Amino acid sequence: CGTLCGVGYTRYPHLDIIKRVALWLVPVFIVVGNFQFPPLGPLNSFCIAIHLFGDPIHTVYSLLVKLELSRRIRSRWVDSPPPVREGELCENEKQRRSALGDIATVNVLFDEWDYNAVVVYSQMRSLFDQLRGEKRTNFIAACREATHRLADSRVNDSLRTWIAVGSYIVGVISAFLKTLESGASNRTAHTIAFALLYSWLIPAVVISASVGGFASTRVGRRVVREIQDELQDDWEISDPADITYPSTVRFPFSESLILEDSTALEESFSFFGSYSFRHNMSLKLPSPSALETERTHSWNRPNWLLLLLSCIPILIATFTAVLLSWMHPPNGLGCRSMTQIAFCATWFLSTLFTKLT
């Protein structure tokens, strides 16, 4: 380093700092800005951003678990349906699957609160078995209307997300081509390497856009209350507003508690409600009714596979960044490539710490 860069240090020129911020940091922040932030206030958004940069593996893993759980619940309702009488749901198979899919959508809605969709699945299957005649018809119609309202209030930022991702990719490619043509200094190559180190943001943001979100915290609760008003005493599932959330922090490798507390729904918005941080990663669905058709779905994705898929973007981004720094002066394992490896190791350690606590 002394031979290549000289003795001592000097400040970067102010114009060079501005250029680097504009060319590299701004596109990264634009991509992060398209991550799915629930409308729960600035403190919640700040916590999500910190978790995204500090623990990207757990962030992507949480999003994949939510998508997989939603798919499994829909599969249970549609492919292993409860017994129904002819003409009760619809006139043909397509309409039947659509009606059961609407019920599954309402079921998945409860994953917004305490990740409770699995427990509610058992309750809704039992409720469906108990309802008869007009009450069951009203329940099906209420779920259909609820699904339409949820779809209308769902935030869809897919186009904006792809534009942000495209601008980030174009920026990296343009800088790389400019470096090849102009023979720019090795510092530019290392800057590109650090930009590629954060390329895992692309799958994270795209998956987040696929999960989607609501424009208001009141949408889901309003839908649940409308179904409750329709069914009156037959609806025995708790109102989300009445749920109290336990908060526990454990010592690593131990069942001893560091902190134990409980928080009401309205008071937990600053720190809770994000799809990108789940404390419950279970994908197991119970069989609440003996009448339910038991099926083993070979296409179910287990937790270990989702966790592996979450690690792949980090490994690819780190490998690409280290390889680019390795191939430019000072060639080999230098301070920059070691820093990139340290970033990757920290992300994996952060995921391990989250698992242990």
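Heads up, the Cβ atoms here are built off N, Cα and C, so glycines get one too.
Note that the structure is a prediction, hence the values are computed from the model and not measured.
Among the features that TrEMBL reports, transmembrane segment is placed at 21-37 (among others). Sequence-distant contacts of the transmembrane segment (21-37), counting only residues of its own chain at least 6 positions beyond either end whose CB sits under 8 Å from a CB of the stretch, comprise 44-45, 48-49, 52, 155, 157, 160-161, 164-165, 167-168, 171, 175, 191, 194-195, 198, 201-202, 204-205, 208-209, 211-213, 274-276.
Feature annotation from TrEMBL assigns transmembrane segment to 43-64 (among others). Residues 32, 35, 37, 200-201, 203-204, 207-208, 211, 269-278, 281, 301, 306-307, 309-311, 313-314, 347-348, 350-351, 354 of the same chain, all 6+ positions outside the transmembrane segment (43-64), place their C-beta atoms under 8 angstroms from a C-beta of that stretch.
Among the features that TrEMBL reports, transmembrane segment is placed at 159-180 (among others).
Outside the transmembrane segment (192-215) by six or more residues, the chain places 24, 28, 31-32, 34-39, 52, 56, 59-60, 63-64, 66-67, 112, 150, 153-158, 161-162, 164-165, 168-169, 171-172, 175-176, 179, 275-276, 313-314, 316-318, 320-322, 324-325, 336-337, 340, 343 with a CB less than 8 A from a CB of the stretch. Under the heading transmembrane segment, TrEMBL lists 192-215 (among others).
Residues or ranges marked as transmembrane segment in TrEMBL: 304-326 (among others).
Sequence annotations record features per position, and here TrEMBL assigns transmembrane segment to 338-356 (among others).
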